[in-house]
Every structure is written in C-alpha cells, then in structure tokens.
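**Q** Below you will find the structure I want to go over with you.
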Amino acid sequence: MTLDDLTRTSGEWLRGAGPESDIVMCSRIRLARNLADFPFTNRASRSEKAEIEAHFKSALEGAKIEAGYFDVNGMSNLDRQFLVERQLISRELSSGEGPRGVAVTPKENIAIMVNEEDHLRIQYMLSGFRLPQVWDEITALDDQLEDDIAYAYSSSLGYLTACPTNVGTGIRVGVMVHLPGLVANKQIDKVFRALQKINLAVRGFYGEGSQAFGDFYQISNQQTLGKSEEELIKILTDVVPQVLQYERSARQELVTGRRQHLHDQVSRAYGVLKTAQTISSEETMLLLSSVRMGINLGLIDDLSIATVNELFIQTQPAFLQKLRGSELGVEERNVARASYLRSRLGNGRPVEEG
Amino acid sequence: MICQRCQNEASVHLTERVGGKRQELHLCAGCARKAGLVLPESAPDLGLESVVQSLIVQNVGELVGELAELACPDCGTRYMDYRTDGRLGCPQDYRVFSKGLLPSLQRFHGATRHVGKTARLRPAAVHRLRLRSQLREAVAREDYEAAARLRDQIRLKDTHA
Ligand SMILES: [Zn+2]
Ligand SMILES: [Zn+2]
C-alpha cells in the first residue's frame, strides 16, 4: 500500500453509515501504550527510537494485521500533511523528529502511530455512533500486539504514559459530531460548558487547538485514571445522545421557523459548490456544512452524506496537491478545489420546493 | 528568610545546580504556586487520600525542596524538568517522582489508582532500560570490563526480543 493508493480510496469512517450518522460522523478510540524497557519518546535516543520502531514492526507482523507502514521520518512535508488531513497522524508526529511512522489498514479504520508522544498511539475509527464496537475491536488489537510487546504498566497506576494526563487506561474515547444547528442558534457554547463540567473535552476537527471545521467537533473524555474503559465509554454513550437531541431540536426549529430561508441557504450553498471556478478552503467547509445539514433535513435528495464527508477531506490542500501530483500555491489550489468540487457534484440538483 | 518575589515569609526553599553552578530560590507559598511548583490547592475531600494531601500541604516547603533534588536514575530526567514541560522521561519516573505526582494525579483525574484493563504479567520481562543506564555509568567511570559485560547482556535481550 502506498500513499498514492490512499488518494484513490477513502476511509471507512467517512462512509456516513452506522447509528446516528446524520450527526455523528465517526466514533474513535485511541490507546496510549509504551514499551516497558525504553525511555519515553522525548527522552529516547535516535537508536532507541529505531529499536522501538523495529519491535513494533515485528509485533505487527506477528499480529497478522494487514497494514501498510509509512515511514514518516524522511517523508516530504506534503505527504506528512496529507496524512494529517486524513486523521491518520497527529500534527505532533508530523513535526517530530527521528525514526517514527504510522501503520494504516486499507480501510483506514486502524492507524497506529509509532514514536509520537507515546511509543504507540493505537487508533480505531468507525463511522457512526458505535463506541462499544470500536472498543471490542481495539482491545482485541491491543491484545494481539501485546503478544510480542511488554507494555510499561504498573499495577497501581495502570498503563504508564509520557504525560500523566493519559496514565491509567491510556484511553481517549471520542466522537466527531456535526452541529450546524447549535452553531446557528448560538447554543453551542452553552453545550460545551455543560460538557466541560462533567470532564469531557470539546476540540476542533484536527484535535487540540485546531479550529472548528465545518461545524464539526470532537467530544472526548479527559479522565483516564480511576475509571475503567467501559465506564469511560458509558459516560459518552449516555451524554452524546443528549447533545444529539439538542442538535435535532435546533434543526427542527430552523426548519419550522424559517423553512424557506433555510432551503434557500442550503440550495445556494449547493449551487456555489457545483459551479464555483475558484473557492477557498474556509468557504468550502462552510458550504459543505450547510449542504450536509440540508441532506439530513431532506432539502437535497441527490447527494449522499458519504460524498459530503469525503469532500471535507478531499478539498484539503495536501489532498488536492497529491491529486495533481505537484505543489500548488493558494490561488492554484482554490482553482483546483473548485474544479474537483464541480467534477464530484456535477450531475446533482437541489430538490424542488413542493 | 523572606520571599525573593515579594515581602512575605518564604516557606519554599529550592537549591538547584545549573551547569555546575548552585542556584538558590526562596519563595513564599503563593509565589511558589505562581511559579508552577506543585502545591495541592483544592480543598481536601474525605478519606485517607485527603489526610495525606493536607499533610503534604503542611510540609510543602520541605517537599518541594526535596522534589527539586530528585532525578530518575534510569533516564536522568529531573523532577523540575517534568514540571517545566509536563512530560516524564521513562516509566520509572512514576515511582521516582510519586510524591509529587500523586497529588497532581488526584487533582487532574480525581483518582490515584488504576481501574480497568490490566497488562499481562511478564515475569521474564527484560530490563533493558536499567541495563542501559548501568552501561552509561560503567562507561562514565571507565570500567570497561563491566561495560562489555552489560553490552553483551543487552545484545542477548535484543536477540531474544
Ligand atoms: Zn512571595
Ligand atoms: Zn526516568
């Protein structure tokens, strides 16, 4: 599997399938793990990082997981950015140094980063709201890797991590939710404050410190010590439905209160995406968000959620440049983005108002 | 002794060696907290945990001084390095710095004991980290015989890994 192969496929997590997939784009669980006999990544020497990478590769082979390994060290900036855009590596791994990389399965549901803040960051993603299933999959994968790797673990503190904010279970349980209704009625901050009160973090699409992105937000646990993985998952499976309910009633208000206005907004968004000759990344996100909500509300019927989800990723700068096979400046990217959008949306048309 | 930042009585006394030079720092509890030194600040709740915590608060001057001196024998990370960048150096640091870490774990996670999935017991787990630090020390004191022996041990572990 090569990086170029990835430009021709898209991740399972973008499929727009699974429970609540109108609002929950995907469920994701990440496990932080370290090898017992090495310093953490920030203290490891170059040769130790190489050893860690080699140990991981042999464990991966032993686990018989069909995955490609991408060596991030020595990779071009563009390729690293491409992996960040696809949510396969973090910015931290991209900008790190020394031996490091990521193992990715063809469906992109599994990504295992090596020598990020922790030696291993195991990520499992599935479309829709299905955290228990993601947990079953990732814990089995964790067990398989453990056949060949002795993890840093203490019976009192659990899995030992480079940063004490991850110690214990080392788990980050998250869902990526699309909340244009709560953004439109300005209730979003209120919801976030409520979530923070119960120790849940709300982040942008690309993690800590990143911007809100087409009204997508990640909700995840912060506590990792003193509660089991199942308990932490249950907190999210209990709380997220309430957020979904707020979002649905916000959307319903928009539909009943200002149906014509909303339909107009959605249709214009769709129209611009289908016909623009040049378009910025920010405008694209904004319009795709409108269109995505429009599909959910039955205002557009000739476009799938999966296509819109894919477009969020495929209109990002690195993807467009990989597709063209050359580096592009901002202006050229805006033209390439518009042309790509036209090619993907060309035959669609908005629903006639009945 | 008065605080070097304000005129209050200093209760936190730090001595650090920076590049061979000895540096002293005397701070009151308030300024120490502002400087980011670990001082439990939340109101203690019930249980043994909180008793221990309030004891730590009472003896905080001593504790911070003691922590400032700590360094991990395996990876060389100092407690103050961790306070500066928030990252530990190796798995052993949790044991070495436990006095300073447990109160911050309690503050951040509301707990200090792991519940949940357990890792497999590894009676034969290799101790590469320890061997490597012994090797470093042996080389430093020019004990090449010991260094050669340790290097062989590490190689043996690698081939069995
Ligand atoms: Zn003072
Ligand atoms: Zn250490």
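Placement of Cβ uses the backbone N, Cα and C atoms for every residue, glycine included.
Heads up, here are the entries from TrEMBL:
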BINDING   A:26-30, A:R121, A:172-176, A:203-208  ATP binding site
DOMAIN    A:23-250  domain 'Phosphagen kinase C-terminal'
**Q** Using DSSP with the three-state reduction, classify A:C26 (ATP binding site) as helix, strand or coil.
**A** strand
**Q** Identify, in sequence order, the residues in the chain of A:C26 (ATP binding site) that are 6 or more apart from it along the sequence and have a CB within less than 8 Å of its CB; answer 'none' if there are none.
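**A** Spatial neighbours, sequence-distant, of A:C26 (ATP binding site): A:W13, A:L14, A:M125, A:L126, A:S127, A:G128, A:V175, A:M176.
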**Q** Would you identify the secondary structure of A:R172 (ATP binding site) according to DSSP, in three states?
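**A** Once the DSSP labels are grouped into three classes, A:R172 (ATP binding site) ends up as strand.
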**Q** Suppose we draw a 10 Å sphere around the Cβ of A:V175 (ATP binding site). How many other Cβ atoms does it contain, all chains included?
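**A** There are 26 such Cβ atoms around A:V175 (ATP binding site).
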**Q** Do any residues at least six apart in sequence from A:I29 (ATP binding site), in the same chain, have a Cβ closer than 8 Å to its Cβ, and if so which, in order?
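**A** Correct list: A:Q123, A:Y124, A:L131, A:V134, A:W135, A:I138, A:I171, A:R172, A:V173, A:G174, A:I233.
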